[in-house]
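Report on the structure given below.
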């Protein structure tokens, strides 16, 4: 680092658009999406919390996923909305680190929750008689807690290695929130160790959770194909379809960000991918899991009947 270099304590989030003309339309679009996200996920959590019939592992996992999706959206979107009308779009170093830390906890937790949900479906479909014994509420709560603990540990590791960095080359973050790759790009400290940590820990989490999901659903697929009952096959596919769609939507952009070559030309693509799993997926998940779920729809009907 140069002796006369000025250490930066504030950054500028470039955001989604450099055209002021687009600020109001984009603000309105993302405000509506955010409100739908909050209402949808909080409603799902409320239904699961208040209806004793939904106090089973499948819905406890779903409620936890809704909580994490709400967190991801709330960590990123409010600041993004403010920046549509902010002249400077500044975020301090401490705010940036806090945002990344909380986002990392939520994103990592979601990975482990999706893997746990895949295991839950595996036991339910492949070992239905043992399901009440194997997948108890106690085990479910333990898996949920473990997912959050893993998220916190993962975030602490990255945060610890980020704190050793200094920033003096540029204060422009080419994104709408503070993500680790954007921060590493503008550091004037050697970031080789940080990239290695990202590769080892984030890569291991992706490999472990995706492998768990793939193995679970491969076994589920073979089990379904062995079923002679058309009704049983339809029910099994209906049960797993929502989760598979959610997994595909979440891991697709995430994996693409890891495999494409690094260059300045892909900054916009990175931003689109980030937008997908920080804004779009949190609003889609409650819709995906609720629209074709009879128990959730019935519970909603009862709730509205009691309270409206």
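Placed from the backbone N, Cα and C atoms, the Cβ positions cover glycine too.
In Swiss-Prot this protein carries:
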type     : residues : note
DISULFID : 96-188   : disulfide bond
CARBOHYD : 4        : N-linked glycosylation site
TOPO_DOM : 1-27     : topological domain 'Extracellular'
TOPO_DOM : 49-55    : topological domain 'Cytoplasmic'
TOPO_DOM : 77-92    : topological domain 'Extracellular'
TOPO_DOM : 114-143  : topological domain 'Cytoplasmic'
TOPO_DOM : 165-197  : topological domain 'Extracellular'
TOPO_DOM : 219-238  : topological domain 'Cytoplasmic'
TOPO_DOM : 260-270  : topological domain 'Extracellular'
TOPO_DOM : 292-308  : topological domain 'Cytoplasmic'
TRANSMEM : 28-48    : transmembrane segment
TRANSMEM : 56-76    : transmembrane segment
TRANSMEM : 93-113   : transmembrane segment
TRANSMEM : 144-164  : transmembrane segment
TRANSMEM : 198-218  : transmembrane segment
TRANSMEM : 239-259  : transmembrane segment
TRANSMEM : 271-291  : transmembrane segment
In chain order, residues whose C-beta lies under 8 angstroms from the C-beta of residue 96 (disulfide bond), counting only those at least six residues away in the same chain, are 11, 173, 178, 183
Residues of the topological domain 'Cytoplasmic' (49-55) by DSSP state, where helix covers H, G and I: 5 helix, 0 strand, 2 coil
So are the transmembrane segment (28-48) and the transmembrane segment (144-164) touching or not, going by 3+ C-beta pairs under 8 A with a sequence gap of 6 or more? no
By DSSP, what is the split of the topological domain 'Extracellular' (165-197) into helix, strand and coil residues? 12 helix, 2 strand, 19 coil
Counting across all protein chains shown, how many other Cβ atoms sit within 10 Å of the Cβ of residue 188 (disulfide bond)? 16
Looking only at the topological domain 'Cytoplasmic' (114-143), what are its DSSP counts of helix, strand and coil residues? 24 helix, 0 strand, 6 coil
Below 8 angstroms Cβ to Cβ, which residues of this chain, lying six or more residues outside the transmembrane segment (93-113), approach it? 8-11, 61, 64-65, 68-69, 71-72, 75-76, 79, 144, 146-148, 150-152, 154-156, 158-159, 162-163, 167, 173, 177-180, 183, 205-206, 209, 250, 277-278
Please work out the mean pLDDT for the residues of the topological domain 'Cytoplasmic' (49-55). 90
Same-chain residues near the topological domain 'Extracellular' (165-197), Cβ under 8 Å, at least 6 residues beyond its ends: 1-2, 5-8, 10-16, 75-76, 79-80, 83, 91, 93, 95-97, 99-100, 103-104, 157-158, 257, 267, 270-271, 274-275, 278
Could you tell me how many residues in the topological domain 'Cytoplasmic' (292-308) are helical, how many are strand and how many are coil under DSSP? 14 helix, 0 strand, 3 coil
So, by DSSP, how many helix, strand and coil residues make up the topological domain 'Extracellular' (77-92)? 7 helix, 3 strand, 6 coil
Which sequence-distant residues neighbour the topological domain 'Cytoplasmic' (114-143)? Criterion: at least 6 residues beyond either end, Cβ under 8 Å. 55-58, 60-62, 65, 208-209, 212-213, 216-217, 219-220, 223-224, 236, 239-240, 243, 246-247, 250
